[in-house]
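J.: I am attaching a structure below and will ask some questions about it afterwards.
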């Protein structure tokens, strides 16, 4: 195992899991079966998704992982002799390796799912206590990515303390992101990397590192046990909340939570706000656009979760946005965009309905990306004031100069050249929509 001590851009030092072949340097791009099909999966659906990633041009944009989620194995148990998980022969008649061969032949990579418990979330055999056996199986089958969930944990392996995850999935109230009713809180200075949750995930990390194949490791412990403190030393990404749904309220809530974790995101490790819901449910086109843009600017893993053989052009266009994908995959600058102004609320307000509305981030090309969100339920005007954007406010200014600052600006959605914009850029946005600006040189 090779380790690199890095700084997560501003405040939080982290030990990052570095792979010599560069896998995991930037956030993952791919597709996953769960949001599209739940348990109703088979080899044909997985291979169809892989073919569509190629045919729709998504592979050319960097999408590479085709991930099988829960429900892929025989539910009744493991092979009694080898103790290996058995792929469901009805769903996968040629085994997982047969699907891997087809996916690899397209120049793509195959992912699979398990859990750090006795059973998966859908009740199938999981990997706790079988980490080495399963890691070896995955390697032999040609697996390139493991999503590792947090279901089926026996009571004797639950944590002795409870960590505050200010997420509505448990039905609690979190005033300004605090856990006022938290029971069994850890004592001050407690090292969550020594918790039983962390150890369960570390065991699979070590098993994956012991096999002769690089397997990207995606932790899915829902933000428990202060995973932000040890996730980067354990895997390539880590879920920071409960599950996403195809509703704007849930997307906004997760974006709000993750906005306070951006100092943990950098090369080799990224907080994961869950898979994309673009194309699912009753999300409006602006909501789909805002969802994708926020996830891309946060440098979250971008894992598509909709049936690609029936995706409409408008949703495909969102998922194919080259400027945002270029920002997301920058191989020189690892930090994501940061909120620089909350807009609807005073700065640093924790509000599940109204996340931070103004974000900015640098690129290796010298351009600055600026995102403006309308978190309200009606048309509103938003303004990006150059003097407020951290990456722009000191760029090329002259002391005591009264001349307004101007920058060359491009609309990231349309590619339209917006010309030389002085002082600020103002735009009317539909409910729950975003504007994304690519700000270039001065003019």
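Any Cβ shown, glycine's included, is placed from N, Cα and C.
The following feature annotations were taken from Swiss-Prot:
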- 149: active site, nucleophile (ACT_SITE)
- 243: active site, proton donor (ACT_SITE)
- 221, 222, 223, 224, 225: substrate binding site (BINDING)
- 39-71: disulfide bond (DISULFID)
- 121-151: disulfide bond (DISULFID)
- 79: N-linked glycosylation site (CARBOHYD)
- 156: N-linked glycosylation site (CARBOHYD)
- 176: N-linked glycosylation site (CARBOHYD)
- 181: N-linked glycosylation site (CARBOHYD)
- 212: N-linked glycosylation site (CARBOHYD)
- 232: N-linked glycosylation site (CARBOHYD)
- 282: N-linked glycosylation site (CARBOHYD)
- 1-16: signal peptide (SIGNAL)
J.: Can you name the recorded positions among 39, 176, 181, 222 whose CA is within 10 A of the CA of the residue listed as 'active site, proton donor'?
T.: 222
J.: Among all the protein chains here, how many other CB atoms are within 10 A of the CB of residue 223 (substrate binding site)?
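T.: For residue 223 (substrate binding site), the count of other Cβ atoms within 10 Å is 27.
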J.: For residue 71 (disulfide bond) and residue 232 (N-linked glycosylation site), determine the Cα separation and express it in whole Å.
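T.: Answer for this pair: 28 Å between alpha carbons.
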J.: What residue among the glycosylation sites 79, 181, 212, 232, 282 has the most other CB atoms lying within 10 A of its CB?
T.: 232
J.: Please determine which of the recorded positions listed here (39, 71, 225) has the lowest count of neighbouring CB atoms within 10 Å.
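T.: Comparing Cβ neighbours within 10 Å for the recorded positions 39, 71, 225, 39 has the fewest.
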J.: In sequence order, which same-chain residues at least six apart have a C-beta under 8 angstroms from the residue listed as 'active site, nucleophile'?
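T.: Listed in sequence order, they are 70, 113, 114, 115, 116, 117, 120, 121, 126, 220.
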J.: Would you say which of the recorded positions 156, 176, 224 has the most Cβ atoms within 10 Å of its own Cβ?
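T.: Selected residue: 224.
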J.: Rounded to the nearest Å, what's the C-alpha distance separating residue 221 (substrate binding site) and residue 151 (disulfide bond)? Just drop the number here, would you?
T.: 9
J.: Any same-chain residues 6+ apart from residue 222 (substrate binding site) with CB under 8 Å of its CB? Would you list them in sequence order, or say none?
T.: 150, 165, 167, 169, 239, 241, 242, 243
J.: Pop the Cα-Cα gap between residue 232 (N-linked glycosylation site) and residue 225 (substrate binding site) into the table, whole Å please.
T.: 14
J.: List only the single closest residue to residue 232 (N-linked glycosylation site), chosen from the recorded positions 176, 212, 223 by CA-CA distance.
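T.: Comparing Cα positions, the closest of these recorded positions turns out to be 223.
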J.: Using a 10 Å cut-off, grab the number of neighbouring Cβ atoms around the Cβ of the residue listed as 'active site, proton donor', all chains included.
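T.: So the Cβ neighbour count for the residue listed as 'active site, proton donor' comes to 16.
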J.: Going by C-alpha distance, which of the recorded positions 39, 79, 176, 181 is nearest to residue 151 (disulfide bond)?
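T.: Comparing Cα positions, the closest of these recorded positions turns out to be 39.
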